[in-house]
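K.L.:
As annotated in TrEMBL:
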type: ACT_SITE; residues: ASP320; note: active site, proton acceptor
type: BINDING; residues: ASN75, ALA76, ASP77, GLY103, LYS104, GLY105, ALA106, ASN107, GLU205, ASP320; note: substrate binding site
type: BINDING; residues: ASN250, LYS286, LEU287, GLY288, ALA289, LYS290, GLY291, GLY319, ASP320; note: ATP binding site
type: BINDING; residues: ASP314, THR316, CYS350, VAL353, GLY355, SER359; note: K(+) binding site
type: DOMAIN; residues: 68-362; note: domain 'Carbohydrate kinase PfkB'
Amino acid sequence: MGGISTLSASKHWHNIPTLAFPNNSRILNQFNDKITSIQFNHTFKSSGKENPFFCFALDASRESIPPLVVVGSANADLYVEIDRLPKEGETISAKTGQILAGGKGANQAVCGAKLAYPTYFLGQVGDDANGKLITDALEGGGVCLDRLSRLDDVPTGHAVVMLQAGGQNSIIIVGGANMACWPQTLPEEDLEVIKNAGIVLLQREIPDSVNIQVAKVAGSALVPVILDAGGVDAPIPIELFSFVDIFSPNESELARLTNMPTETFAQISQAVGKCHKMGVKQVLVKLGAKGAIFFTEEKEPIIQPVISAPKVIDTTGAGDTFTASFAVALVEGKSKQECLRFAAAAASLCVQVKGAIPSMPDRKSVLDLLQSL
């Protein structure tokens, strides 16, 4: 697919037919208000040097912005703070417990919206209290929910997040509405949103059949597709790979999907080579505290060191923040190096706050961090 190279070559916005988005004017006005409230001066100086990150400021005068479209999951996350994971047959007590909105799709959508970029979320929730929790969180984050479906007879997806000291977590997911009752063919209104997107984000917490359909539609419209590997522990269909522009696993997901070790740079490179053979030319590997590496077939990889946080509170949602922030910078026409640095700054801010959606940073905070480095 040529979507990424075509997009990266231009710094201009694509035009979105207004008819494709019935509420486009409302959404654009909402995001223009966000952007206008953040004052970016292209001649801003600090310590006698021009701000090298002015290019991440949005131009509120642009009237038509191709949205980030996230198709994916939405979960109610039950957080339990524990000192350690229980052993087999053992019962332990948690320090605290609370329910927060999450799910990889919802996380990425809120991240895009909080970065002041127009964002649509296509997904499913149940008509229950958890569904309302997620809907309120998405709306509060500024996400357009015109294409969110509410199911009567299926509960909202949920997850148990076991948060240990140092911010590391283990997660168990119950699919619920994320995995149930998807139409065999998505409604035409959903397809129009996808066709007119600037970029599409997918994950693996919804059925592969839905992801394949979305990726095909996006590909036919030359819309770039990023597939986050997080979600079900199962092989990825080759058909899905063939419609993906950028595949984004973390190191453990890469190891599991390729059945290869990923402990060293050389091992990661070999595992990525296997992904290339499966049909995906660009692979963004997230390495947590070790940063990230962007691989393009037959090119030198781009290494992005981690931007260290003063204190790590919770790593839940950090990968989603990285992927979504990278996507926002990419659709804005930034270079891969700029995209990686922007994403690293956003992820650094994310891990300093408990919860997935609550931890998503806004654009000003990311720019301030980049300026301080």
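Including glycine, each Cβ sits where the backbone N, Cα and C put it.
All annotation found in TrEMBL is predicted automatically rather than curated by experts.
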K.L.:
Work out how many Å separate SER359 (K(+) binding site) and ALA289 (ATP binding site) at their Cα atoms, rounded off.
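P.N.:
Here the two Cα atoms are 17 Å apart.
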K.L.:
Near LYS104 (substrate binding site), meaning Cα within 10 Å, which of LEU287, ALA289, GLY291, ASP314, ASP320, VAL353 (recorded positions)?
P.N.:
ASP320
K.L.:
Using a 10 Å cut-off on Cβ-Cβ distances across all protein chains shown, tell me which of the recorded positions (ASP77, GLU205, ASP320) has the largest neighbour count.
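P.N.:
That would be ASP320, with the highest Cβ count within 10 Å.
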K.L.:
Once the chains shown are all counted, how many other Cβ atoms turn up within 10 Å of the Cβ of ALA106 (substrate binding site)?
P.N.:
34
K.L.:
Which of these binding-site residues is closest to ASN75 (substrate binding site) if you go by CA atoms: ASN250, LEU287, ALA289, THR316?
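P.N.:
Going through ASN250, LEU287, ALA289, THR316 one by one, the closest to ASN75 (substrate binding site) is THR316.
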K.L.:
Can you tell me how far the Cα of ASN250 (ATP binding site) sits from the Cα of ASP314 (K(+) binding site), in Å?
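P.N.:
Computed Cα spacing between ASN250 (ATP binding site) and ASP314 (K(+) binding site) is 17 Å.
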K.L.:
Within 8 Å of the centroid of the Cβ atoms of ASN75, ALA76, ASP77, GLY103, LYS104, GLY105, ALA106, ASN107, GLU205, ASP320, which other residues of that chain place their own Cβ, given that this set defines the recorded substrate site?
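P.N.:
Residues close to the substrate site, other than ASN75, ALA76, ASP77, GLY103, LYS104, GLY105, ALA106, ASN107, GLU205, ASP320: GLY72, SER73, ALA74, ALA101, GLY102, GLY157, ALA159, ALA356.
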K.L.:
So what sits near GLY291 (ATP binding site) in its own chain, CB-to-CB under 8 Å and at least six residues off in sequence?
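P.N.:
Spatial neighbours, sequence-distant, of GLY291 (ATP binding site): ILE303, GLN304, PRO305, VAL306, ALA344.
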K.L.:
Excluding ASP314, THR316, CYS350, VAL353, GLY355, SER359, which residues of the same chain place their Cβ within 8 Å of the centroid of the Cβ atoms of the recorded K(+) site?
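P.N.:
Nearby residues not in the site list: ILE313, THR315, GLY317, ALA318, VAL351, GLN352, LYS354, ALA356, PRO358, MET360.
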K.L.:
Out of the binding-site residues ALA289, ASP314, CYS350, GLY355, give me the one sitting nearest to GLU205 (substrate binding site) by CA distance.
P.N.:
GLY355
K.L.:
Express the predicted model's confidence over the domain 'Carbohydrate kinase PfkB' (68-362) as a mean pLDDT, rounded to an integer.
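P.N.:
95, rounded to a whole number.
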K.L.:
Using THR316 (K(+) binding site) as the reference point, find which of the binding-site residues ASP77, ALA106, LEU287, ALA289 has the shortest Cα-to-Cα distance to it.
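P.N.:
When the Cα distances are compared, ASP77 comes out closest.
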K.L.:
Which Cβ among the binding-site residues (LEU287, ALA289, CYS350, VAL353) has the fewest C-beta neighbours inside 10 Å?
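P.N.:
Candidates: the binding-site residues LEU287, ALA289, CYS350, VAL353. Fewest Cβ atoms within 10 Å: ALA289.
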K.L.:
Looking at Cβ-Cβ distances, which residues of the chain lie under 8 angstroms from GLY355 (K(+) binding site) while being 6 or more apart from it?
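P.N.:
Expected: ASP77, TYR79, LEU100, GLY102, ASP314, THR316, GLY317.
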K.L.:
Based on Cα distances to CYS350 (K(+) binding site), point out the closest of the recorded positions ALA106, ALA289, ASP320.
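P.N.:
Out of the listed candidates, the nearest Cα belongs to ASP320.
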